[in-house]
Structure formats: C-alpha cells, structure tokens
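Notes to accompany the following structure.
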Amino acid sequence: MTQTNDKLVIAGREFDSRLMVGTGKYADFQQMVRAIEVSGAQIITVAVRRVNISDRSKESLLDHIDLKKYTLLPNTAGCYTAEDAIRTCRLAREAGLSDFVKLEVLGDEKTLYPNNEELLKAAKVLLAEGFTVLPYTSDDPIICKKLEDMGCAAVMPLGAPIGSGLGIRNPYNIQIILESVKVPVIVDAGVGTASDAAIAMELGCHGVLMNTAIAGAKDPVAMAEAMNCAVRAGRLAYLAGRIPRKLYASASSPLAGLIG
C-alpha cells in the first residue's frame with residue numbers, strides 16, 4: 001500500500017493527512033494559518049472556550065480558518081467534570097461548529113491527566129445524543145477498549161502530559177492499545193519534536209495530534225513542515241515493515257567469493 005491510497009478513516013470520513021493540529025499558543029493568527037497550511041493537516045482542533053460563540057461579530061480564530069478546506073474538531077479543553085464537557089459540546093453543536101468532537105475531561109491542573117471516570121460518563125451521554133466522540137484518554141488499554149465498546153470513533157491516548165514535549169513515554173502500552181481496539185488510535189499530547197511523531201507512527205498509530213510542539217517551537221512554521229514530513233515518514237516506515245531487532249551483527253555482503 002502506498003501513501004496515495006492510504007487514508008485515515010474516522011467514522012466513515014476519509015482524510016489524506018494523519019497529522020491533526022491545534023490552534024492555540026501562536027504569536028498571531030497569521031502565524032497560525034501559515035503553520036496549519038504547511039503542516040498538511042486536514043483536521044483542526046479548536047477549544048470551544050476560545051471561540052466567541054455569543055458574539056460572532058468580534059474577531060475570532062474561526063475567521064482565519066477556511067471551513068471548506070479543513071474539518072473542525074471542537075474540543076472541551078479546560079473541562080474538569082463530565083457535566084461541563086457535555087455542556088461545552090452542546091454549545092459547539094448549537095453554534096454550528098460541529099458534532100465531531102474531541103472530548104477532554106481533565107483530572108487536575110498540574111498534570112492535565114484525563115479523569116477517566118468523568119470521561120466515560122461524558123462519552124456515554126454524548127454518544128447517546130449523536131455526537132462523534134474522539135476521547136483524549138490515558139494510555140490505559142482497558143479504558144481505551146471501554147471507550148471503543150461504548151461507540152467512540154477513535155481513541156486518543158496521551159504520549160506524555162500535555163505540553164510536556166517528553167515524547168512517547170510508554171510505547172508498550174500504545175502497542176497493547178493498538179492490538180486491543182479496532183478504531184483508529186491517535187496519539188494526543190506529549191510530542192516534542194519530529195522524531196516523537198515518527199515513533200508514534202512507526203508503532204502503528206493511525207495519527208498524531210499536536211499543538212505545543214509546533215506553536216511553541218522557535219520557528220512554528222518550520223516545525224509544522226517537519227511534523228508533516230515526520231508523520232508521513234513514520235507511516236511509510238510502518239507500512240514498509242522494519243527489520244527485526246537482533247543482538248548480533250548480520251553482514252550485508254555475502255561471504256562467498258572472498259579474495260584469498
């Protein structure tokens with residue numbers, strides 16, 4: 001399979017890019033737009049709290065995003081209870097943003113780890129109301145399986161804490177998740193540089209979502225391009241199939257015909 005016909009499919013929707021990007025922390029809207037463009041991303045996540053739903057006459061980041069070109073993924077960043085997350089998703093739908101949502105229910109302000117108990121409660125309600133739910137969760141295979149069984153369209157385990165840039169801290173859990181569920185697995189949070197994104201894709205993840213790694217870089221536009229390349233390279237390497245790891249050397253050249 002080549003990358004030309006290798007699509008990311010979420011809830012029946014097809015995407016050419018496996019990189020999803022956020023919209024926060026940029027110096028200005030112009031920098032954000034340029035970074036999104038060179039990233040090649042087709043799915044853009046937006047914190048509902050950052051969108052002025054009550055007064056759309058005021059400038060908003062949505063004024064700078066071509067909604068014909070990109071799929072909007074409203075998220076519930078900043079929510080610490082199921083009730084708050086549910087309310088936020090309903091507001092996004094009522095405002096005409098989307099019912100395709102990234103569900104976040106955080107546990108505390110220091111780690112920004114997900115509160116899985118509240119996450120499961122929120123997911124159950126939102127799925128019953130017809131939302132397409134992509135939950136940000138811990139790298140716990142059991143929780144990911146529960147979310148899939150409930151009807152979530154994908155699972156989004158963290159690679160490391162949000163904004164930490166620590167990379168994929170527990171690749172073995174990610175591998176178990178990949179073996180345990182059939183829905184797309186998208187690493188969300190913790191990516192710091194291009195090699196982290198490539199590793200996630202080489203593991204077999206279906207996509208990577210990031211914000212700080214790009215927006216917080218010294219040159220966000222250049223980093224966005226690097227992430228574009230890394231995700232594509234990692235996916236192609238996964239499809240190609242890496243050689244087995246061995247303890248001892250294996251000569252590249254045949255021993256037959258040696259001189260002398």
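Using the three backbone atoms N, Cα and C, a Cβ is placed for every residue, glycine included.
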Note: Swiss-Prot has Ala189, Gly190, Asn211, Thr212 binding 1-deoxy-D-xylulose 5-phosphate, and from Gly163, Gly234, Gly241 that site also includes Gly163
Sequence gap of 6 or more, Cβ distance under 8 Å: name the residues on the same chain that satisfy this around Lys102 (active site, schiff-base intermediate with DXP), in order along the sequence. Thr45, Leu73, Pro74, Asn75, Thr76, Leu134, Pro135, Tyr136, Met156, Asp188, Leu209
